[in-house]
Amino acid sequence: MDPFQEKYGNTFTAIFFIPSLLADIFWIACVLAALGGTVSVIMDIPSPLAVALSAAVAVLYTLLGGLYSVAYTDVIQLIFMFLSLWFCVPFILMSPASTDITVTAVTKLYQEPWTGRLKLADAGCWLDDLLLVTLGGICYQAFYQRVLATATVAQAQFTCYAASVFCFILAIPPLLIGAVAASTDWNQTSFGLPTPYEQDKAGMILPISLHHLCPPFVSLAGIGAIAAAVMSSIDSALLSSASLFARNIYKNIFSKRASEKEILLVVKVSILLFGLMGAGLAMTTSSVYVFWILSGDVMYTVVCAQLICVLFLPGKVNGYGALAGLLVGLLLRLLVGEPLLGVPGLMPLPWDSLHEDGRLLHVFPFRTGIMLVSLATILVVSRFAACLFLKGLLPDNWDVYRLGEKRMILMKNMVAKDLTEKIGLNTRKMDPSPHASTEDMSSLQ
């Protein structure tokens, strides 16, 4: 939020904090729903209870330790997650109820080949999701909190590149587990028929596979891996949103003279409240995908264009354009609707189609379209507003962001710089000796 606060002031930052907070809360709900679903399948514990216990543990150690506890526990959780996931893979692959995954990758046996195929008609949808994950992911406050906490720029760069490689490695075990699940005769397992895919439980395939295709001790290791991933994500999201609210909203807007002790108290209360909100949302559904898409959706359609402008085009944008872009992005996203939540769309899109179950599918990459429209709105409105105020077409008392004053200050600085250079040039041309003529002294003055 710091670049936005410096560029646009406190009012816009307070408004802009809302989508960032929503994205963090959706992310907390996403990972809590993942853990709740896993524990409910493997240990036969009610999902709400598992969600409540996980949230309580994450909130507690984040409250007690702050960034240090988050950083150190992240290292432990990452190692445990890596080892546990790879520990489960051999047992999954050796399940007697499963067929060789290289055969089912290209041959229909128990279901369609697990590699799937990309239809040309779905290319827009896949592109939209790819850009959402790529560009929406770099808008999260938790990412910048980690980057800015490093000692040097080189260390920050190395951390980012190492994390990308590690993410790729961690994606391999879930991929193999999903391939085995698609290659399994579920009638030979304790799960039975119909298959998880036919029961619309594809989103729960990881805990189902661990429970029905592995020995019990392996299932427990898998739960540990998922729990470690959940805790690592929750504490980061809690700390980032809470510190964002305490520093950029509470201190800079509501209580500018707040002491560090008071800010720390606000951080702790915020962690508790945001944790409760995320846990409450996680109890409403077991679908991880819904909250994951919603979290990235908010950051991509609303925040991404704003971030690009404030970081890379600061001289071409102003508060009027930023506010217009924010409103346009939010309005378009609401008009499109969200089929995953059952929110009807009021604005038809090209190439819309109906799913087999009656759900509306958006084939057009609407999220990318909204982001680009928002970006164009920011640039166009900023330019238009600057012309109106700088040319005197609108009265100065309407200029909330004081573009006229900023322009005058910039012009004065340019004139002063130009005069300084001219005086320096004249001084070098003149004789600096005490015998300089009166004409020379007058010229210098």
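The backbone N, Cα and C atoms fix where each Cβ goes, glycine too.
Annotations in TrEMBL come from automatic prediction, not curation.
From a predicted model like this one, the values you see are computed outputs, not experimental measurements.
Feature annotation from TrEMBL assigns compositional bias 'Polar residues' to 435-445.
The region 'Disordered' annotation in TrEMBL covers 426-445.
The feature transmembrane segment is assigned by TrEMBL to 12-37 (among others).
Residues annotated as transmembrane segment in TrEMBL: 49-69 (among others). Taking Cβ pairs closer than 8 Å, the transmembrane segment (49-69) reaches residues 28, 32-33, 35-36, 38-40, 145, 149, 227, 230-231, 234-235, 238-239, 267-268, 271-272, 275-276, 278-279, 282-283 in its own chain, all 6 or more past its ends.
Annotated transmembrane segment per TrEMBL: 75-93 (among others), in sequence order.
If you look up TrEMBL, you'll see 158-182 (among others) marked as transmembrane segment.
TrEMBL lists 217-242 (among others) with the feature transmembrane segment.
What TrEMBL records for 263-283 (among others) is transmembrane segment.
Annotation comment: TrEMBL describes 289-313 (among others) as transmembrane segment.
The transmembrane segment feature in TrEMBL is assigned to 320-341 (among others).
Under 8 Å from some Cβ of the transmembrane segment (361-381) lie the Cβ atoms of residues 121-122, 124-125, 127-128, 131-132, 135, 297, 300-302, 304-306, 308-309, 313, 316-317, 320-322, 324-326, 328-329, 332-333, 336, 339, 345, 349-355, all in the same chain and six or more residues away from its ends. Sequence annotations record features per position, and here TrEMBL assigns transmembrane segment to 361-381 (among others).
Sequence-distant contacts of the transmembrane segment (263-283) (same chain, at least 6 residues past either end, Cβ-Cβ under 8 Å): 21, 24-30, 32-33, 36, 47-48, 51-52, 55, 58-59, 62-63, 66, 234, 237-239, 241-243, 245-247, 250-251, 291. Remote same-chain residues near the transmembrane segment (75-93) are listed as 101, 166, 169-170, 173-174, 176-177, 180, 209-210, 213-215, 218, 221-222, 224-225, 228-229, 231-232 (criterion: CB distance under 8 Å, separation of at least six residues from the stretch ends). Within the same chain, residues 1, 4-5, 47-48, 50-51, 54-55, 139-142, 203-204, 207, 226-227, 229-230, 233-234, 237-238, 240-241, 244-245, 248-249, 252-253, 274-275, 277-279, 281-283, 285-288, 290-292, 294-296, 298-299, 302-303, 306, 319, 322-323, 326, 330 sit at least 6 positions outside the transmembrane segment (12-37) and bring their C-beta atoms closer than 8 Å to a C-beta of that stretch.
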